[in-house]
Amino acid sequence: MMQDATDPAVRAALQSQPSGLNSTDDWRQVMDRIMSLTARNPDAFRQQPQANRLSAILEAVVPARANPTHEKVLAIVNALAENRAIRPDEAGLVYDALLQRVARYNSGNVQTNLDRLVGDVREAVAQRERAQQQGNLGSMVALNAFLSTQPANVPRGQEDYTNFVSALRLMVTETPQSEVYQSGPDYFFQTSRQGLQTVNLSQAFKNLQGLWGVRAPTGDRATVSSLLTPNSRLLLLLIAPFTDSGSVSRDTYLGHLLTLYREAIGQAHVDEHTFQEITSVSRALGQEDTGSLEATLNYLLTNRRQKIPSLHSLNSEEERILRYVQQSVSLNLMRDGVTPSVALDMTARNMEPGMYASNRPFINRLMDYLHRAAAVNPEYFTNAILNPHWLPPPGFYTGGFEVPEGNDGFLWDDIDDSVFSPQPQTLLELQQREQAEAALRKESFRRPSSLSDLGAAAPRSDASSPFPSLIGSFTSTRTTRPRLLGEEEYLNNSLLQPQREKNLPPAFPNNGIESLVDKMSRWKTYAQEHRDVPGPRPPTRRQRHDRQRGLVWEDDDSADDSSVLDLGGSGNPFAHLRPRLGRMF
C-alpha cells in the first residue's frame, strides 16, 4: 500500500480526482465538517465577519481542488534523477523549465481564460445587436399592428399592393433614425435622417386605397393627380428608393410616380449641357463679359462665392534654398560657360539629399519655373539669377507660371505706329507730293561737288520724306563717304513709300486700275536698274605742295579719308600707313 502511495502515477491519479460532492460522499460527513467549524467556540465563529463565515462554509461543503501539476513534475524529475538521466545538481533547473513549459502550453488557467474571453465576445456582440435592433423591433411591432388593420386583399393591383407593403417593411427595417409609433387611432412613420419628416400611415393608405392598379391616360393625368394628398406624396417619395421597376408596375399611375421620384433622387450629377445653355442665354441677353459670366455660372452651378486669393510668401528655409540655387547657377554659368538648362541640372545634382528630401515640392517647382524662364526669356532668367533680392511672382505659388516674353530687339519695336497711319490727302496735295518726289529723284543723280552741297541737299528732302527725324540724324553725323546719298534707294523702297489714297472721289471710276498701272510702271527689270545706276568716277590725282621746300608731287597711292571710309572696294584702305615719298616736278 505504501508502494502504491509513493508511485507518481498513482499519486497523480488520486490527486486528479474531482472534489466536492459525488455519489460516494455522505451528507453526514459534510454536516460534520460544517459543524466542526463551530464546535470549539461557536460564539467566536458567530462574531466573525459574514464574508469569512460564508467562505469557510463554502470551503467545508466544496473543498478547493489542489493543483497536482507541481507534484507530477516533481515525480518526473525524481524518476529522471533515480534513472541517472540527469545529475542531482541539474534537477532544480529541469524542474523549473518543465513548470514554465507546462504553464505556457498546457495551463488550465489559460484555457479557461480563453473560454471566458470567447463567451464575453459573444455576449458583447449579442448585446450590440439587441441594442441596435431595439428601436427597429419596436417599430416593426407597431408596423405589424398597423398592417393588421389594413385589408389583405384589394380589388385591383394586388401584386403592386403586396410589393408596396414589402417595400414599406424594408424601409422601416433599414432606415436609421426612424420609427413607427401609434398616436391615438392613427399610426405614424417618423424619420430624422435628413430633416424631421412625419407621415400619417393611416391617412396615406386610406388615400391610396382606391388607386391601386389604376392606369391613368397618358395625355390627361391631372384628374388622378388631384386625388393624392401631400401626405400620400411624401410617403411615395420616402419609399421610392426601396422600390424598383419590377416591384410596382410602371403602367399604373402610382408606379409612374414612384419611377419619377426614384430617378429624381438618384440623379446626383450636374447636366453637362447646363454650361452651354446658360452661356447661350447670357449671350442672347447681351452679356458678353466672360468674367461676370463665369462668376454667375460658378454661383449657379456650385453655389460657391469667389474668395480673395491669399498672399503667399517664402519661409526662411525656402528663401535659403532659393539663394543657394541662385549662387550655384550663377557660378556654373560664369565659371564653366554652360547653358542655363545645364547649369540648373548641375545645381540639382550637387544638392544635398537630405535638404532635397525635406523640401521636395518646393525645389521641384522652383526648378521647373527656372527652366521655363530660361526657355521663354533668357534675359528675365539672368536677372532673376543675378538679383540677390529676387522673389518668385504670385503665379509661382498657384501653379500658373507667368514668365514675361523677351524683347528680340527688332527695329519695328521702337518705331511709332503713327508714321504708317494713313492721313487724309486731297488731290492737289497728291500732285504736289508727286512733283516733289520726281524733282528729288532728278537731284539724286547729280553728284554733289563738296560737302557743303551734300549738307545743303539734305534739308530739301526733309519736307517730302516720311521720316524727317531719320534724315536729320543722317545729315547731322560727320561722314566723308563719297556715295553717302541713299535717297534714291530710300524713295524707291515700296515698304517705306508714303501710303497713297486708295479711295479717291467718285470722279475717278477706274481708280483701282490706275493704281495698278502706276505700280506696274514703277517696276524695273534688272537691266534697267543696272543701266540707271551711275558709274564710278575715275580716280583724280591730287597734288601736294611743300611750301617750305618748294616741292610738288602727285600722290598716287596715298588714300584720303574718303577712300578709307569707302567700303565699296576701290583703292587701298591701308595706303595711308605706307611711308610718303614725294617726286619733284
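Keep in mind that glycine also has a Cβ here, set from the backbone N, Cα and C atoms.
Annotation source Swiss-Prot lists region 'Peripentonal hexon-tethering domain' at 1-106, citing sequence analysis.
Residues or ranges marked as region 'Disordered' in Swiss-Prot: 1-24 (among others).
According to Swiss-Prot, the compositional bias 'Polar residues' annotation covers 14-24 (among others).
The region 'Binding to hexon-linking protein' annotation in Swiss-Prot covers 138-251 and rests on sequence analysis.
Positions annotated as phosphoserine by Swiss-Prot, on the basis of experimental evidence: Ser225 (among others).
The phosphothreonine annotation in Swiss-Prot covers Thr274.
The feature phosphoserine is assigned by Swiss-Prot to Ser310 (among others), with experimental evidence given as support.
Under the heading region 'Disordered', Swiss-Prot lists 438-475 (among others).
According to Swiss-Prot, the feature phosphoserine maps to Ser444 (among others).
Per Swiss-Prot, the feature phosphoserine maps to Ser449 (among others).
Taken from Swiss-Prot, the feature phosphoserine applies to Ser450 (among others), supported by experimental evidence.
Swiss-Prot lists Ser452 (among others) with the feature phosphoserine.
Annotation source Swiss-Prot lists compositional bias 'Polar residues' at 462-475 (among others).
What Swiss-Prot records for Ser469 (among others) is phosphoserine, and it gives experimental evidence as the kind of evidence.
Annotation comment: Swiss-Prot describes Ser473 (among others) as phosphoserine.
The annotation phosphotyrosine is assigned in Swiss-Prot to Tyr490 on the grounds of experimental evidence.
On the 0 to 100 pLDDT scale, the model's mean across the region 'Binding to hexon-linking protein' (138-251) is 84. Over all protein chains present, the Cβ of Ser515 (phosphoserine) has 15 other Cβ atoms lying within 10 Å. The secondary structure of Ser515 (phosphoserine), as reduced to three states from DSSP, is helical.
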